[in-house]
Amino acid sequence: YLVLIQLFLGNSCRFIAKPCAINLGIQDSGPHRAQPNAILEKVFTSITKYPDGRRLEGLSKQLDWDVRKVQRWFRHRRNQDKPTTLTKFCESMWRFTFYLSIFFYGIRFLWTAPWFWDTRQCWYNYPFQPLTSRLYYYYILELAFYWSLMFSQFTDIKRKDFLIMFVHHLATIGLITFSYMNNMVRVGTLVLCLHDASDFLLEAAKLANYAKYQRLCDAFFMLFGVVFIVTRLGIYPFWILNTTLFESWELIGPYPSWWLFNGLLVTLQLLHIIWSYLIIRTASKALVRGKVSKDDRSDVESSSEEEDVTSNSTKGIFSTSSNGSNRLNGHVAGGQWAGE
């Protein structure tokens, strides 16, 4: 299934996402490129990508450049390795397709499931609960998808929330595997469906942003923020954690893996709180500025050093259109969503 997910990724990017991006006028162009310089390139590739003050001073004297010019060169050089807007659009397109498809599949499947309406049904007759084919495929597809995210995280851009996302993927994979092995798939399906409810909205915001539909992007992001906070800070603790912490204890007692299972679920809740804070901070900036501001996970660097560039010089690496969910991994800047 992991191979199928990767094939789906490649084909969707090649035959669906890329033509859509081209029709929307998205070009295969990346951030501002650093001017060729053999000395700085050697330092960048062989010594460090983030030179300290002493090294910057030395390079400044060696090249007869201003220190800030050397700093800008290293910043541009780091950013030029980032993926283009077209590449990021394709990535968001296939994630949007998967999240939307798996969410509606989960809703359609769970709508007729008794434990969707009464969480106590998750523990009746446990562990002797049948594993239907639809439930099996739902679980395996989700597990394969998160494994693909785990592997791709090391090859994608290293964002500010790399560690948080790594912990999230570990906890998610551990929960899916653990609940499947212990036949806790009923409550597991509730957790999966709840998490998928907001993810496709975030990817939709990114797509709108890459296509330069700023108002649509802002609307999707605000909707994403509302759904995320309602599901992760409201429904999740009062619906999911309530049944795993209290109803399970009442109906089947403190089973041996109770502490590990609930420990992983509580870890997810802590991550939800961190991401909710970032979303609220981004939304508050959007209300002040009139549009979604800067994504706190952005992988493209900015700096106040750009302020020394005069009006007759280049506009800097952010002179292109907005990029990203204008995220949240995921996990938000009008004009600076380059991280997504």
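Just so it is clear, glycine is given a Cβ too, placed from its N, Cα and C backbone atoms.
Annotations in TrEMBL come from automatic prediction, not curation.
Sequence annotations record features per position, and here TrEMBL assigns compositional bias 'Polar residues' to 314-328. Annotated domain 'Homeobox' per TrEMBL: 40-84, in sequence order. TrEMBL lists 87-288 with the feature domain 'TLC'. The region 'Disordered' annotation in TrEMBL covers 296-340. According to TrEMBL, the feature transmembrane segment maps to 96-116, 136-155, 162-181, 220-239, 259-280.
In the domain 'Homeobox' (40-84), helix, strand and coil residues by DSSP number 31 helix, 0 strand, 14 coil. Taken together, the residues in the domain 'Homeobox' (40-84) have a mean pLDDT of 80 on the 0 to 100 scale.
Outside the transmembrane segment (96-116), and at least 6 residues removed from its termini, the chain residues within Cβ reach (under 8 Å) are 5, 8, 12, 16, 122, 134-135, 138, 141-142, 145, 186-187, 189-190, 192-193, 196-197, 199-200, 203-204, 206-207.
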